[in-house]
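Asks: This is the structure I want to talk about, given as structure tokens.
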């Protein structure tokens, strides 16, 4: 069964975002892990192992879902057991970009991933996060819906702040007129 069919079957069976994944991931699958304040992403390698980004100072044990990982500027590429990274959180297989991006051959995905294990990489929540990392491995292009949502929220707040500043400036000028 291909990834698109497995994803469709999961949705048809009523699997929701916060249920523990009941099917076995296949090498090359994207794994979405639901942390309390964000989603962490990993790529399944096989035999229970994933590759993911962890903050440089977090060490091997990453079951702790620290928010500091979101604000870290550097990350290390680690190969870890999926069950240890997930801990008490929930996860699902989520190859959501397969409709728009063609996955690379599984052997190439795994080879590219294994070459990066142990390397330190730059991390940026908006431009180079864990979702960008795993989608770059799977598709050859880094994509992050989570980053796009964050950029949209920041843009909205900035636009609102600008509008209030302009309105405040207009209001102040109209009160200071002598006539």
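Counting begins at 1 with the first residue displayed.
Every residue, even glycine, has its Cβ placed from backbone N, Cα and C.
Model, not experiment: these values are computed from the prediction.
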Asks: In Swiss-Prot, which of 129-149, 150-170 is labelled transmembrane segment?
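Replies: Within the set 129-149, 150-170, Swiss-Prot attaches transmembrane segment to 150-170.
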Asks: How many neighbouring Cβ atoms, not counting its own, are there within 10 Å of the Cβ of residue 130 (active site, acyl-thioester intermediate)?
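Replies: So the number of other Cβ atoms within 10 Å of residue 130 (active site, acyl-thioester intermediate) is 24.
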Asks: Round to a whole number and give the Cα-to-Cα distance in Å for the pair residue 130 (active site, acyl-thioester intermediate) and residue 40 (active site).
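Replies: Between the Cα atoms of residue 130 (active site, acyl-thioester intermediate) and residue 40 (active site), the distance comes to 7 Å.
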Asks: Can you tell me how many other Cβ atoms are located within 10 Å of the Cβ belonging to residue 40 (active site)?
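Replies: Around residue 40 (active site), other Cβ atoms within 10 Å: 25.
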